[in-house]
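Remarks on the structure that follows.
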Amino acid sequence: MEVFYYLVFGVMAAVVAALELSKRNKDRINTSSSFNSFKNNYLLVFSIMMAGDWLQGPYVYYLYSTYGFGKGDIGQLFIAGFGSSMLFGTIVGSLADKQGRKRACVTYCIVYILSCITKHSPQYKVLMVGRILGGIATSLLFSAFESWLIAEHNKRNFEQQWLSLTFSKAVFLGNGLVAILSGLFGNLLVDTFSFGPVAPFDAAACFLAIGMAIILATWSENFGDPSDSKDLLTQFKVAAIAIASDEKIALLGAIQSLFEASMYTFVFLWTPALSPNDEEIPHGFVFATFMLASMLGSSLAARLMSRSSLRVENYMQIVFLVSAASLLLPITTSVLVTPSKVKDEGLSLTSSIQLLGFCVFEACVGIFWPSIMKMRSQYIPEEARSTIMNFFRVPLNIFVCIVLYNVDAFPITIMFGMCSIFLFVASILQRRLMVISEKPKAEEWSPMKERNSEVDPLTL
C-alpha cells in the first residue's frame, strides 16, 4: 500500500484526536446526569443499529457477484432497494407517527434481520425480496429513531440545545467510529477467518437482535398523533399540507434531497474516479479514511453547535459551497492534466489530489448530518415528523434510481458536475432558509409544542 494512503489516514486520525482532546469548556455543553443517562442509552442503541447497517454495505455487491449475477442484474437489485424505500417509506413513516416510534424501531430490527436471512439464498427472487425489505428498513432507520429521540427529549423537558450534543455524538459514533470498526470486523470475518461473504450479514443480524432487546427493555413509547380520527391517508395529507404551506419545511426538504442525492451519487463515483484505468486501490482503507473525515466533520459540528450565538442556518451555507467545490476537483484535474489511458502502478497525481478533495467532501458530510437533524427538530411538526422526513426521501430515491439506471450513459465528469450544481443550489436555498427563519433567540429555542401550534390548523 502506498505511503500516501497511510499519510492521509494518519493526518486525519491525528486531527480528529486533537479536536476531541482539545475541547475547552466553551466547546462543551453543561448537561444534567439524567440527560447523560438518556443520551448514552440512545447512542448505544443507535451505534448498534448502525453497526448492523455498516456491516452489510461493503459486501452486498460482492455477495451478488459470487452468486454469479452480472452488473445489470445487480443494478436492478439496487434499484429495487431504493425504489422500495421511496414507495414504502412514507407509509412506514406515517405508521410510526400513529402506531408508535418504539414499535417502528423494533420493526426496523425485525425487517432488517429478515433481509439478512435472505442473503443465504442464491435465488434472484429471494434476493429481490431481501432488497425490498432492506429498503423499508432504511426508511425506518433514518426517520423512526430520530423521531423517537426528539419526542422523548421534549417529553422529558430537556433543554433544546442539548439535542445538538446527541446529534453530533450520534454521527461521530454511528457514521464514523462504528463504520470503521464494522469494516474491519467484516474484513476479519470474510478474509481472515474465511467465513464467506454471507458472514457479515449474519453478524449484522446478531447486532440487530441485541439492539432490539435493549429497545424493548429500556425505551418508552411515544407517538406523533395517536388520535383515532386520522387514518393513513389523512396523515399523508397533513404532511403534504405542512410541506406546501410552510416555506421553511419545503426548503429544508429540498436542501436535504439535493445534498443526499449528491452524497449517494458520490458513493458510486469515487472508485472509478480514483482508479480510472482499473488500478488496484485499497477500497477498505480508503473507506476508513473517508469515515475518519466524516468523524472530523461531526467533531467540528459539535463545536459549532455548542455556540448559542452561531445558528446552523448560517454556517451550512459555507458547508454546501465547500462541498460543491470539492466535487469539482475531478473536472478541474481532467482539464488541467491530460488523463492517462495507461494503467498506473500506484496512485497518480490526479487521483491523489482527488482523494484529498473527497476527504473534504466527507468532512462536509460529517457536518451535514447533525446540522440537518438540528434543523429538522426545529421546523418539522411533531405530529407528522416521521411522515414528513420520509417525504423528503422520495425525490432522493427517484434521483438515485435514475443514476443507477444510467450510470454508464454519462462521463464521470458530467456526474460530478451535476452533483456540484446540486450542492450549489442547496447553498442558495440554505441562504433563503436563513433569511426567513431569523427570529429572536427566545423564539428560536421555543418548545416543540409551541412550534407545533403554528401548524395546528392543518389538522382540522
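In case you wondered, yes, glycine gets a Cβ from its N, Cα and C as well.
Annotations in TrEMBL come from automatic prediction, not curation.
Taken straight from TrEMBL:
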type: TRANSMEM; residues: 6-22; note: transmembrane segment
type: TRANSMEM; residues: 42-62; note: transmembrane segment
type: TRANSMEM; residues: 74-93; note: transmembrane segment
type: TRANSMEM; residues: 128-150; note: transmembrane segment
type: TRANSMEM; residues: 162-186; note: transmembrane segment
type: TRANSMEM; residues: 198-219; note: transmembrane segment
type: TRANSMEM; residues: 285-306; note: transmembrane segment
type: TRANSMEM; residues: 318-337; note: transmembrane segment
type: TRANSMEM; residues: 349-369; note: transmembrane segment
type: TRANSMEM; residues: 390-406; note: transmembrane segment
type: TRANSMEM; residues: 412-429; note: transmembrane segment
Interface present between the transmembrane segment (128-150) and the transmembrane segment (285-306) (three or more C-beta pairs under 8 A): no
Tertiary contacts of the transmembrane segment (412-429) (same chain, 6+ residues out, Cβ under 8 Å): 251, 254-255, 258-259, 261-262, 265-266, 269, 272-273, 276, 317-318, 320-321, 323-325, 327-328, 330-331, 334, 403
Winner by Cβ pairs under 8 Å against the transmembrane segment (198-219), considering only 42-62, 74-93, 318-337, 349-369, 390-406: 42-62
Stretch of maximal Cβ-Cβ contact with the transmembrane segment (162-186) [cut-off: under 8 Å; candidates 6-22, 42-62, 128-150, 349-369, 390-406]: 42-62
Residue numbers, six or more beyond the limits of the transmembrane segment (74-93), whose CB comes under 8 Å of its CB atoms: 60-61, 64-65, 104, 107, 127-128, 131-136, 138-140, 143-144, 232, 236, 239, 386-391, 393-394, 397-398, 400-401, 404-405, 407
